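Undergrad: Residues or ranges marked as signal peptide by TrEMBL: 1-23. For 21-222, the entry in TrEMBL reads domain 'GH16'. Among the features that TrEMBL reports, active site, nucleophile is placed at GLU108. The feature active site, proton donor is assigned by TrEMBL to GLU112. Residues annotated as N-linked glycosylation site in TrEMBL: ASN116.
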Amino acid sequence: MATTTAAAMVVAMSVLLLGGGEAAAPRKPVDVAFEKNYVPTWAEDHIHYVDGGREVQLYLDKSTGTGFQTRGSYLFGHFSMHIKLVAGDSAGTVTAFYLSSQNSEHDEIDFEFLGNRTGEPYILQTNVFSGGKGDREQRIYLWFDPTKDYHSYSVLWNLYMIAFFVDDTPIRVFKNSKDLGVRYPFNQPMKLYSSLWNADDWATRGGREKTDWSRAPFVASYRGFHVDGCEASAEARYCATQGARWWDQPEFRDLDADQYRRLAWVRKTHTIYNYCDDRERYPAMSPECHRDRDA
């Protein structure tokens, strides 16, 4: 088993470096009820269920926020959530949807929605941790009001890349650059988490805008709860079906030309911070930036 897995990894890395076939969009998410894939993590009394759990609302007040997590842990897959963010004056609040492993050198793939003062645009921050190293923040303004209706936020994660999507538009790619000396999340199963919490020490204008508790409770709403991943225990080193799932196939190893055009549009018109451009924090550009088309 170990020999077979190691050989598969070598073949996969060779394909990664040589390039795969034509790309394709991730499969369409399947909407399910909350309880199929998720359970409350904390402050369950601040989670409200609507339509038999087809919709879930998270409440934040001065006493506490709340959150939920998947029942299982996953190594690679496609994960999607429909979210309607906190409306009105949401300054100081953070709504998060992310994958994370549970150890000191943890891996993590983040969507964080940073609240705003009424009339200002929401900021979406993404980040990738690998082997405990993060500091790869990117921030964009969304091109719609995410409080008016539900929008889809999804991650496609395989051995070759991590792709972030807002609806069908890719907003970020983090490729496997192990050959460049960059660690990549490939052997630590992760759970999915979502939470609504107060972060007014940093979330809005660097912490200068504080949460207005007179507007509480703040509410973020969820639908979809799509999980299509290779389930593994937290101790599992490799997914037993590595190479056999749809997301491992050549057409999902990179974005296609149209997806890269849309990503370039996001970069040009909506990006407000990219760690790859930050010479003050990082005098030397990280080696993955060119491969990820962030430079």
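Heads up, the Cβ atoms here are built off N, Cα and C, so glycines get one too.
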Undergrad: What count of other C-beta atoms do you get within 10 angstroms of the C-beta of ASN116 (N-linked glycosylation site), across all chains shown?
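TA: Step by step: centre on the Cβ of ASN116 (N-linked glycosylation site), count other Cβ atoms within 10 Å, giving 24.
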Undergrad: I'm trying to understand the geometry here, so how far is the Cα atom of ASN116 (N-linked glycosylation site) from the Cα atom of GLU108 (active site, nucleophile), in Å to the nearest whole number?
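TA: Rounded to the nearest whole number, the Cα-Cα distance is 25 Å.
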Undergrad: Using a Cβ cut-off under 8 Å and a sequence separation of 6 or more, which residues in the same chain sit near the residue listed as 'active site, nucleophile'?
TA: TYR98, LEU99, SER100, SER101, ASN127, VAL128, PHE129, GLY134, MET190
Undergrad: Measure from the Cβ of GLU112 (active site, proton donor) and count the other Cβ atoms within 10 Å, all protein chains considered.
TA: 19
